[in-house]
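Colleague: Below are the features listed in TrEMBL for this protein:
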type: DOMAIN; residues: 19-192; note: domain 'Thiamine phosphate synthase/TenI'
type: BINDING; residues: 37, 38, 39, 40, 41, 69, 107, 136; note: 4-amino-2-methyl-5-(diphosphooxymethyl)pyrimidine binding site
type: BINDING; residues: 70, 89; note: Mg(2+) binding site
């Protein structure tokens, strides 16, 4: 897949039912987000499907990509752009047979996991958690700078071109450190969803990527 199809900034919904998933998607898209991952860990399949259909309509209106966490079948049913799979979910290769040309992303916590997902055909790799976060239960070991760097180096050594997206407790002040590791982008959740002004935070994040691309050039 052409990396240009993968956004630099990903928004992941929270399991926070004070703000329904579709409402989170709407607020994120209104703030300028162009890549939304609908992640619902606590809900029935019917609930997730309904939320996915609502999110699809919102993302269509704002011309944003919609990625469904965990469920390739729901991604297909709601017409999503892709699916994101964790280590306990369906293998990437099997999901590819089911989902065809949909974008498939995968979460990795170790270099070996990242390499395995890349070899199976994942279009991008989410590496994390970068630091402790309260937005995800059953958190994998914290990677920090060294862990993210180890995954990036492993993919480079094996000639794997998949974009690397850092995820997990990332704040605006982390961007300079993370992007120095040659990652492709970041995924955030609470940083935007819990912000007093989601639009302001999103603009700051997007402006950072725009400035970096201008400084480094189109090869970045």
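Along the chain as shown, the residues are counted starting at 1.
Backbone N, Cα and C define each Cβ position, glycine as well.
Looking at the shown structure, can you explain where the listed features end up?
Modeller: Secondary structure at residue 41 (4-amino-2-methyl-5-(diphosphooxymethyl)pyrimidine binding site), as computed by DSSP, is coil.
If you take the C-beta of residue 89 (Mg(2+) binding site) and look for same-chain residues 6 or more apart in sequence within under 8 angstroms, you find 70, 95.
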Colleague: Around the Cβ of residue 70 (Mg(2+) binding site), how many other Cβ atoms lie within 10 Å? Please give the count over every shown protein chain.
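Modeller: There are 19 such Cβ atoms around residue 70 (Mg(2+) binding site).
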Colleague: In this structure, which of the binding-site residues 69, 107 has the fewest other Cβ atoms within 10 Å of its Cβ?
Modeller: 69
Colleague: Say we define neighbours as other CB atoms within 10 Å of the CB. Which of the binding-site residues 39, 41 has the fewest?
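Modeller: Comparing Cβ neighbours within 10 Å for the binding-site residues 39, 41, 41 has the fewest.
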